[in-house]
Structures are given as C-alpha cells and as structure tokens.
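Structure first, then comments.
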Amino acid sequence: MATATAPTPRAALPGVLRHPVARKLLLLAAAAAVLVPLADAHWSSGTWPKALTVDLTGPLTRTGDWIIDHRDSHPLFLHFLGHISNAVVFCVRAVYLLLLAAGWAGVTAAATALAWRAAGKRLALGTAAAFLACGALGMWVPTMQTLALMAVAVLASVAVGVVLGLAAGLSARLDRVLRPVLDTMQVLPAFAYLLPVVLVFGIGVPAAVLATVVYAAPPMARLTALGLRGADKEVLEAVDSLGATARQRLLTARIPLARRELLLGLNQTIMMALSMAVIASVIGAGGLGDRVYQALASVDVGAALAAGIPIVLLAVVLDRVTAAAGDTTGRTTGTGRGHRAYTAYAVGAAVAVAVAGRLAGRPDWPGSWTVAVAAPVNDAVGWMTGHLYSGVPVIGGTADWAGRFTTWVLDPLRDGLQGLPWWAVLLLVAAVAWPIGTWRTALTAVLALAATGVLGVWEPSLDTLSQVLAAVAVTLVLGFATGVAAARGDRFERLLRPVLDVFQTMPQFVYLIPVVALFGVGRAPAVAAAVVYALPAVVRITAQGLRQVDPAALESARSLGATPAQQLRQVQLPLARPALLLAVNQGVVLVLAVVVIGGLVGGGALGYDAVFGLAQGDLATGLVAGAAIVCLGLMLDRVTQPTERRTKKGA
Amino acid sequence: MRLRTTAVAGTLLLLTGCGAADMTRQASPFAHARGARTVTLSVQSWVGAQANVAVAQYLLEHELGYRVDTVQIDEVPAWDALSQGRVDAILEDWGHPDQEKRYVDDKKTIARGGALGVTGHIGWYVPTYLVKQHPDITDWKNLNAYASLFRTAESGGKGQLMDGSPSYVTNDKALVDNLKLDYQVVFAGSEAAQITQIRQFAKEKKPFLTYWYAPQWLFEKVPMTEVKLPAHKEGCDADPAKVACAYPRTPLQKYLNADFSKQGGEAAAFLKKFAWTTEDQNEVSLMIADQKLTPQEAAKKWADGHASTWKAWLP
C-alpha cells in the first residue's frame with residue numbers, strides 16, 4: 001500500500017480535516033447518519049434486536065448428543081479421532097514411564113546436563129536446584145506427569161508449527177491466508193479452546209494435549225515463517241548461483257539462517273504449552289495443574305502454592321534455558337571436538353547418575369525429604385485476610401474497596417454499556433478502532449462485537465467488556481507508573497525483575513483464592529486477579545519502550561534545560577508511543593484471559609457461562625460463550641492493534 | 001529432523017494399529033505405571049468427596065497394595081470420563097437421572113456401585129446467629145420482608161441469594177422467580193469462593209442467605225439453619241422452569257466403570273463395599289479443610305481410629 005498515491009491535503013479543505021483522525025471520524029459520522037436511522041426503523045434501538053440473533057442451542061445440543069452416542073461406533077471416531085487419541089495416550093505414557101524409570105536422580109542429572117550444554121553453568125545449577133525443589137515440595141510425580149504431557153504437546157506443536165511455518169514462509173499466498181488466523185489465535189484466551197476439544201475427545205489427557213497443541217503451535221508457525229521470509233537475500237542469491245536445488249536451498253541456507261527465530265519460537269511454544277497444561281486441569285489433564293485445582297477446592301492456598309511453585313520454577317528454567325540456547329547458537333557452532341566431547345561427558349554422567357539412583361533403590365523421591373510449606377503460607381494468608389478484609393481505620397478494609405469499586409465503577413460502566421442502543425456501541429467501537437488502526441481493523445472489530453449479539457449473548461458480552469475496561473484502566477495506571485519508575489531507576493528495575501518473572505509465570509488459578517479472601521465474591525475479585533496478571537507485561541513493555549528512546553533526543557532535551565518531568569512528558573512518552581500502544585494491547589489481551597477465568601469467583605457473564613458449560617457438560621451454553629469470548633478477544637485486539645505487533649506474547 | 005519425524009509417525013502408526021481405535025475404552029496414560037496395579041478415582045470439587053477418595057485411596061494403597069491416581073472433574077463430565085474408562089469410579093453422586101439413563105441403562109458402560117451410606121440434602125441456609133435475632137426468617141414466606149438485610153453490591157437493589165459452583169445441581173433461579181422473591185441469585189462460581197465468602201460474613205456476624213448442602217464440614221465452623229421452602233413432593237421438580245418446591249433428600253450413590261466393575265479385582269470389590277456414615281465423612285472432611293491436614297494424613301488418622309469400620313470393606 002505504500003506505493004499508492006498518498007492523499008495530499010487539498011488547500012480547499014478546512015484545517016481540521018487535514019488531520020487523518022478527524023477525517024476518519026467525519027466519514028464515520030456520515031456513515032452513521034445514513035445507517036442509524038435505517039437500523040432504528042428496522043429493528044428498534046435499545047438492546048440487541050431479537051430479529052438479528054441466531055439460536056444455536058438446539059443444533060449444538062443435538063451435536064453434543066450425537067457425538068456421545070456415536071463415539072464408539074462411527075467410522076470418523078473409530079478410524080481417525082480414535083487413533084489420534086490413542087497416539088496421544090501412548091506417547092504421554094511412554095514419556096511418563098521413561099521419566100519414572102530414570103528416577104528423580106536421573107531426571108535431575110539429565111536436565112542439568114542438558115541445561116549445561118545449552119546454556120552454561122549458571123543455568124545448569126539453577127535447573128538442578130529447581131528440580132530438587134519440585135521433589136522437596138512433595139510434587140515429584142505430578143511434576144513428571146506435567147512434564148510428560150508437555151513434552152508430547154511441545155513436540156506436536158513444534159511439528160505442526162514448523163509445517164505451517166514452512167508453508168507460510170515459502171508461499172506468499174498461504175502466508176496471506178495464514179497470518180491473520182495465526183495472529184488471532186495468539187490473542188485468544190486459553191479458556192476458549194477447552195470446550196471444542198472436550199466436545200470431541202471427552203475429558204482427559206488426549207483433550208488436554210490437543211488443546212495445548214492448538215494453543216501453543218501458532219507462535220512456532222509465525223516465527224518460522226518470519227525467519228524464512230527474513231533470510232538475507234544476498235545469501236540466498238549466492239546459494240542460487242551455486243546451482244542449488246530448491247530443496248538444498250531450503251535445507252542448507254534458509255532454515256539455518258532462520259535458526260534464531262526457530263529457537264525463539266520453541267521458547268514461546270514451551271511457555272505457552274506450560275501455561276495451557278495448567279489450565280487444562282479443568283478438563284482432566286492431571287499433574288501439577290490438577291493439584292492446584294484440587295487445593296483450591298478446599299480453599300487451601302498453601303497447598304495450591306506448593307503445586308504452583310514447581311510450575312513457576314519449571315517455567316523460569318525452561319524459559320531461561322531455551323532463551324540462552326537461542327542466544328548462544330550463533331557463537332558456539334563449530335567449536336568442534338571439544339564441544340562434542342563435553343556433550344558426551346554430560347550424557348555419560350546423566351546415565352551414570354540414573355543407574356546409580358536405581359541401584360540405590362530410590363527411583364521415587366523419598367517421602368522424608370519433603371518440606372511442608374502449606375501451613376505457614378496458610379497462616380500468612382489467614383492473617384492478611386483477617387486484618388485487611390474490613391474495619392481498617394480511615395481507609396476501610398479491602399471488602400469496602402471492592403464494594404465501592406463495584407458500585408461506583410463496575411455498575412455504572414456495565415449499565416452504561418448495556419443501556420446504550422446497540423448501534424451506538426458498535427459506532428463507539430468503530431470510532432475508537434479506526435483512528436488507531438486501519439479501516440480493516442475497525443471493520444473486524446465492529447463485526448466481531450456484532451457477532452456476540454448474533455449469538456444471543458449481547459448483554460453478558462457487554463458485562464464482560466465492562467469488567468475488562470475497568471481492569472485495563474486500573475492496569476494501565478498502575479503499569480505505566482511502575483514502568484516509568486523502573487525505566488528511571490536501575491536498582492528498582494533489578495528488584496522488580498524477578499517479581500515480574502514470577503507473577504507472569506504463576507498459573508492464573510493461584511491468584512483466584514487470595515483475591516476472594518481479600519475482595520469477597522463478585523466482579524471485583526475477578527478484576528483484581530486480572531490486574532495482577534496483566535500488570536507485569538505492561539510494566540515490562542513500558543519500561544523497555546522508555547529505555548529504548550533515542551539517547552540523543554533525550555540529551556538534546558536535557559541540554560535545552562528540560563526538567564526530568566518535561567523530558568518524560570515531551571520526549572520519552574511521545575517517542576515510546578508504539579511501545580505504550582503495545583502495552584495497552586497486551587494488557588487488554590491478558591486482562592480478558594483472566595476476567596474470563598473470573599467466572600470461577602463470581603465474575604459472572606461470559607466466564608460463568610463457559611465454566612457452566614464445562615461443568616454441566618452443557619456444550620450449547622459453553623460453546624456459545626466460548627465463541628463470544630473469541631469475538632470479544634478479536635474485537636479488543638483489533639481496537640488496540642498497534643502499528644507493529646511484537647512477536648512475543650505476554651512476555 | 002524430517003527423517004526422525006517420519007520415523008516417529010511410522011512407529012506410532014504401527015503401534016496403534018491400522019484397525020479401529022475405540023477411544024471410549026482408553027485408560028489414563030498415568031495408570032498402571034511400572035506394573036503397579038492402579039485405580040483412578042474421580043474427585044469432585046467439594047471436600048466431602050475428597051474425604052471419600054482420601055480414605056479409599058489410603059486403604060487401597062496401604063491394605064491392598066494399589067497405586068491410586070486422583071483426577072478432579074466436575075460431576076457431569078465425570079460421568080462421561082467414567083464411561084470411557086478414564087476414571088474407574090465416582091464415589092459420591094448426587095443424582096443425575098439423565099446420565100444414569102444414558103450410560104447405565106442404555107450404553108451399559110457404567111455399573112452401579114451401591115450406596116455410599118450418606119444422605120445428601122440441598123437447601124437454603126441462613127447463619128444461626130441471624131435466626132436468634134429474627135426467629136421467623138427461617139420460613140420462605142418471610143424472606144421478602146428481610147430482603148434489605150441481604151443486599152450487596154452484586155445483587156443491586158434486591159437481596160442476595162448466594163449460589164456456588166455452576167457444576168452443582170440447582171433450581172434457585174426458578175425458585176426465586178416462582179416464589180416471587182425479591183432476591184437476586186449471585187453465583188460465587190466455585191465452592192472455594194463461596195466458602196471463603198461465607199466465612200468472611202460469619203466472622204463479622206453479617207446476615208447472608210446461601211445455597212448450601214449437607215453433609216458439609218462448614219456447618220461445624222459456621223452454624224447455619226435451613227430456610228423452609230414449600231415441601232418437596234415426588235415429581236415437583238420435573239420441569240426445571242416451574243420448580244417451586246424444596247430439594248429432595250438424596251441417598252448418595254457410587255458408580256464404577258462397567259469393565260472395571262467386572263475385572264477390577266480386589267479394588268472393585270473393595271469400592272463396592274465402601275460405605276460409611278455422615279459423621280465419619282465429616283470427621284475426615286474437617287481434618288482436610290479446617291485443620292489443613294493433607295487428605296492422606298487425615299485418612300490415616302481416621303483409619304487408625306476406625307479399624308472395625310473399614311475391615312469390613314476389605315475383600
């Protein structure tokens with residue numbers, strides 16, 4: 001589009017119209033002036049018109065029943081889906097048995113050796129410590145179950161991702177088709193993926209693995225395509241001139257050149273697989289996620305944390321090791337024999353430890369070596385809720401805050417949105433989306449929101465939307481403030497970094513109970529959990545964006561005598577605008593993901609419908625809610641679409 | 001890389017065979033590891049169900065030498081998982097006639113496992129300290145007069161009737177409509193959230209009205225009194241939209257996977273005989289949920305004191 005004639009502002013236009021935003025809004029107003037009376041006359045204003053909804057309850061219920069009745073007889077299940085399901089079970093089982101056979105000593109040694117070869121000594125030590133901590137918390141077997149499930153899911157995701165990525169990287173047409181799909185899949189809340197797989201595969205490990213693959217494969221595909229497309233043209237020409245065949249060119253030039261992107265893709269796939277493997281405990285994935293879920297059922301935050309810590313440790317270790325592997329590959333290739341010898345030592349040592357562990361007769365983690373963390377944690381949580389919940393002098397307790405937040409922010413916002421005529425809400429979305437993005441993103445956003453109306457969940461969708469908006473507002477205020485502070489003070493940032501790491505990798509479930517204890521049941525705790533979850537990403541992107549501002553620009557501002565506040569307001573913030581927009585976009589996406597899970601703590605609306613669908617096996621309600629969540633996610637993403645999307649999700 | 005993928009895919013194909021694959025007969029991949037005899041039990045989210053499973057697990061592991069896996073699944077999906085053999089048993093079911101007809105009578109993939117010995121009852125409850133102030137609050141006819149007491153930020157201008165997990169059996173929305181009550185049903189979304197909220201209310205002696213059920217350990221911590229709803233008659237809850245009567249009393253049932261029931265050996269025989277009283281269950285539940293013992297410690301403590309009860313369950 002860059003070559004199209006740029007619309008040159010004509011002298012005849014009044015000054016305001018030269019501004020592109022004003023022009024877009026004016027056009028929109030003109031369109032509205034024509035369409036709104038039409039719509040009003042046809043369907044009346046107020047809430048979403050009945051005439052425009054499609055009731056899917058009947059067909060969806062029949063589909064669900066048909067699947068249950070034919071699962072053991074229809075060829076589609078017997079000869080296709082059944083094999084997939086069996087293959088998943090077989091693979092997970094094989095990996096699980098292998099891990100158990102290696103014993104705790106063997107697994108720890110192997111992981112340490114792997115981390116050493118891939119990422120150096122310090123991370124190797126960290127890896128060993130993390131695995132031993134999993135054992136010490138009494139979580140060895142669940143950790144292995146999660147690892148087995150993840151290993152299979154990650155392998156499958158990588159396979160699927162690489163195939164899709166190759167296709168998109170080599171064919172421009174496929175790229176055009178796949179890119180919007182993959183972009184969209186990356187912003188959807190994990191929760192929305194659970195229902196369709198449950199419908200087909202039933203509760204259990206196969207469904208969990210497949211949901212994980214669907215969730216974790218897109219980043220691999222996107223980054224593979226990106227790497228292949230970004231390969232240096234000159235190198236490729238050189239390869240061509242040597243007379244290489246297309247296949248040789250791919251294998252010897254394009255793929256090796258895309259190595260960094262491939263490893264980054266692997267890193268993201270692993271992180272997303274881990275987060276999904278935890279959420280998938282709702283559909284019977286077992287492992288660590290299930291322990292968190294079970295502990296929360298008895299309001300046992302301590303026990304939930306004991307299972308949550310291994311997840312965080314695994315996440316941090318996997319993230320750091322794969323990231324370091326991506327950074328070092330460029331340098332260490334070709335160190336030759338010494339490199340290989342070390343690898344051989346590492347493998348040998350790991351095998352020796354595993355055998356020794358077996359001979360010592362201790363493949364299982366010894367029960368007496370576990371540390372109980374649950375009791376002290378529960379005491380701490382109990383004290384906090386006991387003293388902060390209400391009756392704190394002057395500022396009031398957390399419950400009072402929650403009540404006020406609900407009455408003064410959430411209620412007016414929800415009632416306002418639901419009280420607006422339906423076309424006004426759509427117009428509002430268009431008016432926000434168009435100036436930020438293109439007419440295409442604006443149209444997608446409007447259609448996505450309209451789709452929730454068509455699905456017959458207009459009111460709950462707006463309820464969820466109001467919670468998202470409130471949470472995003474809070475997140476942005478806190479996140480920008482913290483981000484600015486982190487960008488200005490190095491020490492503060494160093495202190496903040498591990499905290500952000502932990503908060504970002506913690507499974508969302510673990511947040512839910514403390515927020516109930518502090519804020520009661522309802523929408524306020526859902527919003528609070530969402531804020532806590534989305535905050536780290538916003539802080540991090542803001543701080544990064546501010547730090548990357550051209551030092552020359554800052555220097556010149558300083559030399560002109562600008563105060564620090566002026567520098568921030570007039571130089572840093574405007575220059576970091578793309579990063580800030582990205583922060584908004586990420587904040588919105590992450591907030592939606594948790595507000596939906598907030599259905600578990602009384603958030604109501606779409607999240608509750610999705611939970612209800614899963615819990616009651618009522619797929620009509622659940623799938624419609626899931627689809628509406630997808631639409632909302634699409635709408636929110638498009639409205640805040642930044643000019644260039646970062647490749648990383650959440651981190 | 002490609003070679004390896006092809007090899008893996010090929011091996012898989014060989015291993016799964018090329019014939020029909022019935023995924024409705026498929027055990028959990030974590031079952032029977034290393035030749036151990038395993039049983040997979042479904043745990044529902046409430047603590048009573050955890051207590052059943054904890055004791056069954058303890059005895060299966062320590063008396064019969066099994067390895068027990070537990071998976072938390074909601075009630076209705078648990079039926080589906082049970083029929084597919086992904087779990088072997090549900091130890092506490094609160095009555096799901098539709099599922100029972102589909103899986104037990106029609107498809108015969110699930111077998112009845114006998115009664116648990118505990119009778120369950122769902123109802124509306126108010127804290128006993130509130131009843132002392134307003135003795136007539138325990139009749140539904142007087143609830144409207146007290147609606148303002150139960151108002152919260154979530155219920156708008158009406159009184160709040162707190163419901164729990166979406167997975168539980170409930171007619172509350174219909175009841176509120178049909179009895180013309182000035183109340184709003186607010187779903188806590190999970191039992192954990194509901195319990196946390198009840199305890200917060202109770203600590204401050206605030207009034208609340210909640211959907212709750214017995215047997216439940218929370219009664220020992222927060223004494224509650226049931227609100228009388230119009231009496232339950234056989235069939236009065238047949239049409240979900242027109243329900244205007246109390247919930248029934250349900251003898252809780254056990255269900256086993258049909259194959260497991262036949263071929264499950266000692267474990268199946270044990271689980272069929274497993275039956276205890278409300279008091280027993282509450283004792284274990286309290287240890288788990290209130291004293292924060294791990295389910296295994298709680299089960300051990302109970303088993304040490306009640307040998308005569310569980311000796312009878314062993315095959």
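Every residue gets a Cβ built from N, Cα and C, even glycine.
Cβ atoms under 8 Å from those of the transmembrane segment (A:94-116) belong to residues 123-128, 131-132, 135, 140, 144-145, 147-148, 151-152, 317, 321, 346-347, 349-351, 353-358, 362-365 of the same chain, restricted to positions at least 6 beyond its ends. Look at TrEMBL and you will find A:94-116 (among others) tagged as transmembrane segment.
For A:123-141 (among others), the entry in TrEMBL reads transmembrane segment.
Here TrEMBL flags A:143-322 (among others) as domain 'ABC transmembrane type-1'.
The transmembrane segment feature in TrEMBL is assigned to A:147-170 (among others).
Residues or ranges marked as transmembrane segment by TrEMBL: A:191-217 (among others).
Annotated transmembrane segment per TrEMBL: A:270-289 (among others), in sequence order.
Per TrEMBL, the feature transmembrane segment maps to A:301-322 (among others). If one looks beyond the transmembrane segment (A:301-322) by at least 6 residues along the same chain, the residues whose Cβ comes under 8 Å of a Cβ in the stretch are 111, 114-115, 118-119, 123, 126-127, 130, 133-134, 137-139, 142-143, 146-147, 263, 266-267, 270-271, 274-275, 278, 288-289, 291-292, 295, 373-378, 381, 501-502, 505-507, 509-510, 513-514, 517, 651.
Here TrEMBL flags A:342-360 (among others) as transmembrane segment.
According to TrEMBL, the feature transmembrane segment maps to A:442-461 (among others). Sequence-distant neighbours of the transmembrane segment (A:442-461) (same chain, 6+ residues past either end, Cβ-Cβ under 8 Å): 47-48, 52-56, 418, 422, 425-426, 429-430, 433-434, 604-606, 609, 624-625, 627-628, 631-632, 634-635, 638-639.
For A:461-640 (among others), the entry in TrEMBL reads domain 'ABC transmembrane type-1'.
What TrEMBL lists as transmembrane segment is A:468-489 (among others).
Same-chain residues lying 6 or more positions outside the transmembrane segment (A:509-535) and placing a CB less than 8 Å from one of its CB atoms are 278-279, 289, 292-293, 296, 299, 301, 304-305, 308, 381, 384-385, 388-389, 398-399, 401-403, 405-406, 410, 467-468, 470-472, 474-475, 478-479, 482, 503, 586-587, 590-595, 597-604, 607. Summarising the annotation, TrEMBL assigns transmembrane segment to A:509-535 (among others).
Look at TrEMBL and you will find A:579-607 (among others) tagged as transmembrane segment.
TrEMBL lists A:619-636 (among others) with the feature transmembrane segment.
The transmembrane segment (A:579-607) makes no contact with the transmembrane segment (A:147-170): fewer than 3 of their CB pairs lie within 8 A, with pairs spaced 6 or more apart in sequence. Long-range contacts of the transmembrane segment (A:147-170) within the same chain: residues 88, 91-93, 95-96, 99, 178-179, 182, 205, 208-209, 212-213, 216-229, 250, 254, 258, 262, 265-266, 269-270, 273-274, 276-277, 285-287, 314, each at least 6 residues beyond the stretch ends and with a Cβ under 8 Å from a Cβ of the stretch.
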